[in-house]
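Taking it in order: structure first as structure tokens, then the write-up.
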């Protein structure tokens, strides 16, 4: 069995890497890939433990990074959704020669809420962790519903996510658990000033997992970065508003 991550590479142009979020896999980007293929050489990966990389595992951001480094292009634009945004930010901080520009999508340097920071309530994360041990299939489906909640097209969004995720092998429970621990524990806020490359932060106005207040807080922490808010989207703007999403990426890449 291969010890390499599953990468799908297609298209022509500057290198652009797409990282999915927790419980998902690279198939979630299909709508985006079809639109961006004429403009970029796209590198879509199944992170360790997910999709066609389900037989692999990584317990930390750096372990994920080490597996990505084996086949990742250098000087690429990195686009990370949700947990994938944490991975992309980690790459930008610790392996900057691979990241020419950084794009985070519905992501946060710290996902768990605390007194003066908006985010996912710790009890929600611990409930997901408990459910995982009972039935990880149902847990992932619940997470999909949570990601789409609030979007006017929530039902269709969930359908699209399910179609994508279930088209590939199921994630392994060990990696799902490790991912939840990262969402609960990782805090990159103090490291953000060390980011040197151009950065674009994309948010869904209706997102229940990464509240829009996070965008305002990060505007102060990252004054040189750009941000855009998708008005009709919840946690998956590239599913809800794919045309607008691709327009933002093309515009940012061209700068």
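Placed from the backbone N, Cα and C atoms, the Cβ positions cover glycine too.
Just one of 235, 247 is listed by Swiss-Prot for the same substrate site as 22, 82, 83, 143, 144, 145, 146, 147, and that one is 235. Cα spacing between residue 83 (substrate binding site) and residue 235 (active site): 12 Å, rounded to the nearest whole number. The Cβ neighbour count for residue 146 (substrate binding site), using a 10 Å radius and every protein chain shown, is 17.
Other Cβ atoms within 10 Å of the Cβ of residue 144 (substrate binding site), summed over all protein chains shown, number 23. Taken residue by residue with DSSP, residue 235 (active site) is part of neither helix nor strand, so it is coil. Proximity to residue 22 (substrate binding site), defined by a C-alpha to C-alpha distance within 10 angstroms, is shown by the following active-site residues from 82, 207, 235: 82. Take the CB of residue 207 (active site) and look out to 10 A: across all protein chains shown you find 25 other CB atoms.
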